[in-house]
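Here the structure is laid out as structure tokens; the discussion comes afterwards.
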């Protein structure tokens, strides 16, 4: 699926021409020219009866020959889907673990020269964008591990002077449909300049008075505009200054200062029976008044005031706004585990979330490729687990998955200290945002497992076997062989050993301490629990457990139920991904469960969200085909992103989403092959009166190697997410149980389509208005 960064190590082989020294290692790093070519994404036949594959070539050359760099090497590189068939006799390719592969010289290899030496190979699944090809190689020799690995210069990521975006110059151009479409049945269009010109929608509206997200009700009181250049004077009743300080700071940043001589803004909070924030904002000729039912309502009213502001002349329209959100849960998931995001990025994201009235930050802090939160007493989680570099022993860092290279100071590495995390919590609270931490388990736990194994080895060497064993996450007698969905053979906690739960209890207790220190209660914890393979078949502990537990169903369900009870005892709500929660027995779970519905709408998985909502759980919609912001904006090889759930997620697609009526999208969208599909709701209907709890966008980070790349993928889609999470549009097709939808079913009428298009034009006009924020 992705060809990632290369890391070449000069490696001892059985009969090397020359034994490499550091000079030769350095030379190869500087002079080896590597080119990657995607030959075909849809071969007529795949070797070894593989259902789906793609065909690629690597070529190696040097400008001048160096016989000392001819044979004593291996090339390590990241490719997320396994290479399974290699042609020719120049090189052999071996899958190591996860996405790490190794190239070694084979019998036909006679040395590098100015003429390219090539290897062609087949990889499982598919690859369609240049961002799925990563950079970087390193050099070392196994028989002398004291040599320093060197990144091969030709594979370094470069900055494009025209676009300012990162690019890999070692990739040959992607120019044909055979490099974009994944099979003979794939009709995905090439969304280049010609396509975009033909499908452009010219703006038909000037920037009207309005807000993102759209308020429930907005009435223009006058064509006059109120001048705030002299500042504002907030008069508060029933609310503390701290509760609105960050909204006030945003206004100040935009040029509206807080001063006693400024225009009076009366802010009154009077609680009522309604728990959701509800506010009225009135901008009159001589004053501004805000009435809300809680502090969040007043905060959002001031954010609306900032959104109405013309930043050129500091004037605002005279309006009356009555507003309340569609969903109580309006979230953004940020993955900082695969590739790290700086604290500054998180704080800035919190500011933007608050500006557009999002209120939940799901922080994905641990996965196979990194552990990003310091835990008191378990230093190895971050000293080892927060870094990827080249260390085959994994005692000082994890393997360089996702093409991480060998630099521990690279942007992809790092963690939040206790003080960093406390600062994030407090900053989020000040912006009326709740942080939901997640340390994914029992799958996606390789960083934790390897870090605790490094801890075990260190303490054993110090003669402390009891301490060493306490948090060890490996059962040495377990001989189960498996491959996870990301092709790891060692990334899943053994759910049958006591140490696993000792470790989890320790981690959860320490996370709760951090929340307590911040003055921000840990209300909800997301356990992850997704994509866990059928494992532990040869585990003695699991065989014993299975025999001893009455009504045993499955190991993943057992794990989730046990951790859920642990969280419930600590007074913490349980959240998890729907695929893992599908393994539990509802009767064995706490009553208050949050399920992130991962149902891919067009793959007939909407029933998952319906099923969990029907059993009384709080379902937060997380449909990958519309809410995953690590996917491309358009189906074009230059667009960054993954492609398994959707070939293109434009801001407009997020805007068009009708979250209360999942099957209805069969009328307006197509599947990943650009084909129409049918959604039959008759067997999986929502019960009458059942509603979803919220909507969440997702910024996964496998392909986002820098904060700049993350920003590119997040904006402006974040604003479209906020629009749908806050505002229920008039054009959305109401849900009706049991309907069957298709491109020809006709429920989404021409009138509704016209209303949607007019609403989109309003949204675009506001978004593109340089005079507002």
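Backbone N, Cα and C atoms are what each Cβ position is placed from, and that goes for glycine too.
The signal peptide annotation in Swiss-Prot covers 1-19, and the record cites sequence analysis as its basis.
What Swiss-Prot lists as disulfide bond is 46-53 (among others), and the listing cites similarity to another entry. Cβ contacts within 10 Å of residue 46 (disulfide bond), excluding its own Cβ and spanning all protein chains shown: 18.
The C-beta environment of residue 389 (disulfide bond), restricted to residues of the same chain at least 6 apart in sequence and closer than 8 Å, consists of 396, 397, 398, 400, 404, 405, 406, 407, 408, 413. The disulfide bond annotation in Swiss-Prot covers 389-397 (among others) and is backed by similarity to another entry.
In this structure, residue 542 (disulfide bond) is part of a helix by DSSP. Cβ neighbour count for residue 542 (disulfide bond): 21 (other Cβ atoms within 10 Å of its Cβ, all protein chains included). Taken from Swiss-Prot, the feature disulfide bond covers 496-542 (among others).
What Swiss-Prot records for 531 is active site, proton donor, and it gives similarity to another entry as the kind of evidence. Around residue 531 (active site, proton donor), the same-chain residues six or more apart in sequence whose CB sits under 8 Å from its CB are 443, 444, 484, 485, 486, 579, 580, listed in sequence order.
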C-beta crowding around residue 496 (disulfide bond), within 10 angstroms: 21
Reduced DSSP assignment, residue 53 (disulfide bond): strand
DSSP-derived class (H/G/I helix, E/B strand, else coil) of residue 531 (active site, proton donor): coil
Rounded inter-Cα distance in Å - residue 496 (disulfide bond), residue 53 (disulfide bond): 36
Cα-to-Cα gap, residue 46 (disulfide bond) vs residue 542 (disulfide bond), nearest whole Å: 38
In three-state DSSP terms, the structure that residue 46 (disulfide bond) belongs to: coil
